[in-house]
Every structure is written in structure tokens, then in C-alpha cells.
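Taken verbatim from TrEMBL:
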{"type": "DOMAIN", "residues": "17-232", "note": "domain 'CWH43-like N-terminal'"}
{"type": "TRANSMEM", "residues": "12-39", "note": "transmembrane segment"}
{"type": "TRANSMEM", "residues": "76-95", "note": "transmembrane segment"}
{"type": "TRANSMEM", "residues": "107-128", "note": "transmembrane segment"}
{"type": "TRANSMEM", "residues": "134-154", "note": "transmembrane segment"}
{"type": "TRANSMEM", "residues": "175-198", "note": "transmembrane segment"}
{"type": "TRANSMEM", "residues": "204-228", "note": "transmembrane segment"}
Amino acid sequence: KPVEWPAPEPKIFLPIKLLSFAATLLPAIGIYSCVLYTLTIGSAAISSLSLSGCPDVKSSLPPVSYSISSWEPQRFIWLLVLMAHLPVRLLIAIILPRVWGPGAGRLILLCCYFAEAASLVLVTVFHVNSIAGFGVHAFFFTSWALSSIFGMSMTIHLMRITNLKDRSKMFHRSFIAKICVLILFIFSFTSIGIFYPLSQRYCLGWAYAIFCIFEYALVGLSGVFWSLTMYEYSTAFAGLCVTAVRHE
């Protein structure tokens, strides 16, 4: 029997659970895996890591920036995770803001989503030991964190002004949880901005360890917030369907 070409309606269905995992939790799992690998199998890298300008002060914890971009095989693992995460993240960045009505809020969300994804790539490319230097790496890290904060804030704001938070107990609990996560995220980001310069200026190993802990927290909080958002999305949609559209 001859094979029909083209098919009547070429399409593919992408389950929302798979998309949610790849877009929200996968980066956090990848980063925590790299950190755990460094703490266990790759502990030799930590023993040789000292604070900038303080060669006698060693770090007791591996910072995220080194774990995902400067050491092997952690860098390779992170690049694999990023390759799986980024296409889904960009797809979600296009689709997710469209659940809200037209307006400035939707446009701001779209910009924040793309800025966050772009900053994540650039903070990996321009890592701590790259030719661009630490300043460029720090700039893109700050860009990622601020994009996340603005995106989270706008999501919460849209839930409030559209009364989505009052639609059911689940949405109300999610709304409260998002506010808590956002507060913790801002607190962690602010703490990073305090303890990192403090550790470098006064050669304080304990301050650098606290900086690393807040870095870990930042990664997890980002994953939790967007997981809550995707869970809300999953209550209305089973997934995304990519369909080829014929010429008229």
C-alpha cells in the first residue's frame, strides 16, 4: 500500500509533565549533581581552590560557578543539562505568557523569560575563568537573578489583579507559596551580594561558605517557583501540540 504523503495532519504531542520537568527542575538537579560530584569524587578541586587575593584561605564548599563551568566532568554534565533544558525553556517562554490576556503584563513576562534564559546561557559561556573575566560573569549572573525576580513578581501580580489566586484553594495556596519563595529568593540574592564581597575583602572563609550556601538556595528556589507555575498550568492543559499548518 502506498504511503500517504504528506500525512493529513502531521503533529506531535508534548506532555506537560515532561515539559515541566525539563523547564523547571532539570537545571536545579543538574547543578546539585555537579556540586555533589565536586564534594565527593572531585574533592581535590576544592582543596586547591582559594579565595581571590587570599591564597592561604581555602574554600570549604564549591561555588556553583566553578562547579558548572570550570571543572571537568562537571562542566560537560552541565552542558548536557543545558542542551536539554534550553529548547523547552524557550518554548515555555513563548507559550506561558499567552495564558494571560493581552497587555503590558504579558509582554513583561515574555521579556523576563527570554532574559532569564539568555542570561543562563551567557553566565555559562562567560564563566569565572573565561577570557572575559569575572566582571562579565558576575554581570550575567546578576542579570539572571534580576530577570527571575521581575518574572516572579509579575507572575504574582497577574495572579492578584486577575483574581486567579481566589479561584480555588489550590491557587490560593500556590499564590502564598510563590510570595514566600520570592521573598526567600530576594533574601538569598541580597545575601550573596553581601557575603561574597565580604569574603574577598577580609579573606573570610566562613563568609565564602555562606555565599556558596545562598547560591545553592537560589538555584533551588528558582526551580520551586516555576514548578508551581507549571503545576497551575497543568490544571488547565494536558500538554502542547505542535501541528503542521497547510498552505491555504
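Even glycines carry a Cβ here, placed using N, Cα and C.
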### Highest-contact recorded stretch vs the transmembrane segment (76-95), from 12-39, 107-128, 134-154, 175-198, 204-228, CB pairs under 8 Å
12-39
### Residues of the parent chain within Cβ reach of the transmembrane segment (204-228), under 8 Å, 6 or more residues beyond its termini
20, 23-25, 27-28, 31-32, 35, 51, 57-65, 145, 148, 152, 174, 177-178, 181-182, 184-185, 188-189, 191-192, 195-196, 198
